[in-house]
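S.K.: Relevant sequence annotations retrieved from TrEMBL are reproduced here:
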ACT_SITE  Asp368  active site
BINDING   Gln179, Lys195, Glu216, Ala299, Val300, Met301, Leu302, Glu373, Asp388  ATP binding site
BINDING   Glu216, Asp388  Mn(2+) binding site
COMPBIAS  43-58  compositional bias 'Polar residues'
DOMAIN    263-479  domain 'FAM20 C-terminal'
REGION    43-65  region 'Disordered'
TRANSMEM  12-34  transmembrane segment
Amino acid sequence: TTWCARRRARTICLSLAFITISLHLLLVLVSLSIHHLPCLTTTGGRKTQMSGPGSTGPSGADRSGSWESDLLKMKALFDHPLYSTPRPAVPEDDWLLKVKPKVKASEKSSLMWKSDTQDGYEDIQWNRSSESHPPWLRFHLGITRWELYPHQDPNMELLVQHLATHRIVSAVQKSGGTQLKLVMSFPNYGQALFKPKKQERDEESNYNLYYFSDFERHNAEIAAFHLDRILGYRRIPPVVGRLVNVIKEIKDVTTDRKLARTFFTSPVGNVCFYGQCSYYCSTEHAVCGHPRDLEASLAVMLPDLSLATRRSWRSPWRRSYSRSKLASWETDPDYCETIKKTPPYDKGTRLVDFMDMVILDFLMSNMDRHHYETFEKFGNDTFLLHLDNGRGFGRHSKDEPSILAPLTQCCRIRHSTWLRLRLLSLPQYHISDVMRASLSQDPLHKVAPLLSEPHLTALSRRLKTVLETVSHCQEQRRNDGSGQNVIYDDLAHLKWSTKE
């Protein structure tokens with residue numbers, strides 16, 4: 001009996017202890033849920049809140065304030081005299097295209113816009129008034145010898161909106177190239193070059209792959225357009241991000257039979273396609289929607305080659321595209337001296353135009369600039385088109401000094417570019433902040449930032465490297481007494497203000 005009583009007492013004591021511990025744990029959990037405070041973490045020297053899935057994102061209020069500050073920096077930059085001073089009137093021969101004079105009714109049929117099929121296209125009668133022209137045509141008519149579009153062009157907003165929202169009536173694969181590209185057509189006969197999303201924004205290029213083996217990035221095409229504009233070049237056609245419905249806006253409207261045969265549904269239900277091209281068009285390299293929506297970049301097409309012929313130039317600093325062989329510029333210390341004596345680099349602005357492109361490529365880490373183009377009409381005295389930038393922004397953790405080899409070897413840069421680069425290094429016009437602000441205006445920014453913060457940080461780091469390279473060139477020229485100028489003075493010719 002005594003043994004049974006002791007056993008019952010011990011059981012009761014254990015039960016009471018268990019209940020007590022459970023109550024204490026419950027109180028602790030309730031206390032934490034009531035008095036929980038957001039954790040703080042430090043990013044770039046600034047404290048930000050770590051938010052949960054139901055919140056508005058990391059430091060919503062602080063981020064909003066930061067974006068407003070960045071937008072003010074961008075506005076201040078574009079209002080600066082180096083960007084906003086009007087240029088002299090453009091001579092008639094410096095326009096790429098001209099509006100034809102009024103023609104007789106009997107001749108109008110030869111000027112009508114036609115297509116293989118009129119399905120989905122608007123019946124448009126344009127006249128000589130620019131108000132009747134769609135934004136893509138205004139863009140074409142605004143191209144001059146010196147730039148693709150003027151600074152703060154009011155047509156840019158309309159054109160970007162057109163690319164991002166206008167109904168797509170046709171999608172066909174663009175021939176050539178190693179990767180998939182489509183030409184998208186709109187009801188008013190405008191066209192855009194489509195490059196799909198192939199990998200995540202934060203995914204860096206594999207260090208073991210050669211630069212010519214990397215995938216093109218849709219967000220790099222968008223970011224390159226914004227960076228080109230921030231640098232004051234305006235030599236990349238406008239590019240915008242867009243979510244495209246793979247079924248309704250590609251498969252259902254394509255007349256390209258070869259493209260149509262490559263559509264399939266993945267094992268998880270996503271609609272995919274791969275097209276036909278040299279290397280990366282196969283089921284293993286297919287692009288897929290989620291399940292139908294696909295991110296892409298759309299770049300407005302330049303005037304048709306029948307209207308404005310372009311000439312392709314091989315880059316003097318072209319890479320060998322061999323896994324073992326080096327290019328001449330990598331082994332010859334006097335390589336630039338030879339180039340300076342070779343047309344078209346022996347006179348005019350071609351050499352400093354090329355340096356502008358080199359700086360753009362270094363800032364976005366683009367190693368794949370083997371050719372560039374110019375408009376044939378303007379001969380050698382014109383700007384370089386900065387096309388095909390999909391292999392930029394592949395790595396943020398490593399800079400590629402070989403991209404700067406032309407600047408390092410030639411020690412030549414135009415004065416206006418030098419001043420703008422210095423301007424972008426100042427806190428009130430910081431290149432990373434201005435780039436962040438500019439990219440935030442793209443429609444795909446609502447999905448996710450087009451460039452991650454490490455890429456924006458890399459921009460600042462690389463800008464510093466460019467400025468140090470030019471300063472080193474200036475110091476070197478002073479010491480060797482060669483008398484050669486590093487800075488090419490283009491400001492007197494352009495009549496730009498140089499006051500900061």
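Note: Cβ is positioned from N, Cα and C throughout, glycine not excepted.
Could you place these features in context, so I can see how deep they sit and what lies close by?
M.R.: Of all Cβ atoms in the shown protein chains, 19 besides its own fall within 10 Å of the Cβ of Asp368 (active site).
Within the same chain, the residues at least 6 positions away from Asp388 (ATP binding site) whose Cβ sits under 8 Å from its Cβ are Asp368, listed in sequence order.
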S.K.: How big is the ATP site in terms of the longest C-alpha to C-alpha distance among Gln179, Lys195, Glu216, Ala299, Val300, Met301, Leu302, Glu373, Asp388, in angstrom?
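M.R.: Largest pairwise Cα separation, rounded: 20 Å.
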S.K.: Tally every other Cβ atom lying within 10 Å of the Cβ atom of Glu216 (ATP binding site).
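M.R.: If we count other Cβ atoms within 10 Å of Glu216 (ATP binding site), we arrive at 24.
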S.K.: Other than its own, how many Cβ atoms are within 10 Å of the Cβ belonging to Val300 (ATP binding site)?
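M.R.: Looking across every protein chain shown, the total is 22.
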